[in-house]
Amino acid sequence: MNSSAANVTYCDFKDIRKAFLVYYSYLSLIICIFGSVTNVLNICVLTTKQMRCPTNLILTGLALANLMVMLEYIPFVFLYTENKAYVSHFTYNLAVFIIFHAWFAQAFHFISCCLAVILAIWQYIAVKFPQNNNKWCSNKRTKITLSLTYALCMVVCIPLNLSLKIWERQVPIDENGKILPKNKVPFANGTIYVADYENDRYQIISSYVYGFVIKLVPCVLLTVLSCLLIVELLAAKERKKNLLNASSNKRKPSQRFLEKEKQADRTTRMLLAVLLLFLMVEFPQAIFGMLNLIIGKKFEIECYQPLGDVF
């Protein structure tokens, strides 16, 4: 890197991060507890006998993945907010948990992203090919797709886990075990355990898996599918209008048929809104992940890490 690039400041989010961290633990716990309760309620409702259909099976899988992320994040919040000034905080068990957290959270988050894409595909088929929808997107095929998605997403995220290693390091401490700055005279040296990348090569591989595969690809697919779904919604609306006009001179469509069509339209619009909200949350992360790869470590330290808690 040349000197001019090294002197560039990409972001200055330190003050924002510092202000946010004051409320981080409280907000995280509220969101996790509230989200866990709502996802449990969603699962209970969607798994009732009268609600069993391919779309609701996918929504159940989505709720389960989100529930797993939130439940696992609760102990992480408590560990994150512990006093890191003392050597006793950086235990070997904590380092093991951090590595597990890195894999578990990303794996189930990736499952959520993939299920959102599958939901868009299923809904597109329902609108574009209504005559084949029951055959192509049957309950059995949906269950198989859900099982494969869970399994494959966990496998894809394994490189994130393998790229990390537990490092043993010596740090200067005072008589109370408090970690001292390097310019202070230490009372003794203490041992801490930290989870970090094995080497630069593993870090690059992990960054590509995270930034490109886990974040960017699902967002691009979801954007394309959402656009196709909007196009098909407009086309279906036009077909319905032509059908009603043609039927007005012959036999009027039954009230049951009209109600069924309206319900299908409402469901599609609701699911489209869910997909668009999902994109609004995921796309910024995907963009930042790719910028980390393109620009490098300086951008990650100055921009991504300070906003990591917000994301």
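Glycine residues also receive a Cβ, built from the backbone N, Cα and C atoms like all the rest.
The transmembrane segment feature in TrEMBL is assigned to 23-45, 57-80, 92-125, 146-167, 208-231, 270-295. Marked as domain 'G-protein coupled receptors family 1 profile' by TrEMBL: 38-311.
Between the transmembrane segment (208-231) and the stretches 23-45, 57-80, 146-167, 270-295, the greatest number of Cβ pairs separated by less than 8 Å involves 270-295. Tertiary proximity for the transmembrane segment (146-167) is limited to same-chain residues at least six positions away from its ends with a CB under 8 Å from its CB atoms, namely 57-58, 61, 65, 92, 95-96, 98-100, 102-103, 106-108, 110-111, 114-115, 118, 193-198, 202-203, 205-206, 209-210, 213-214.
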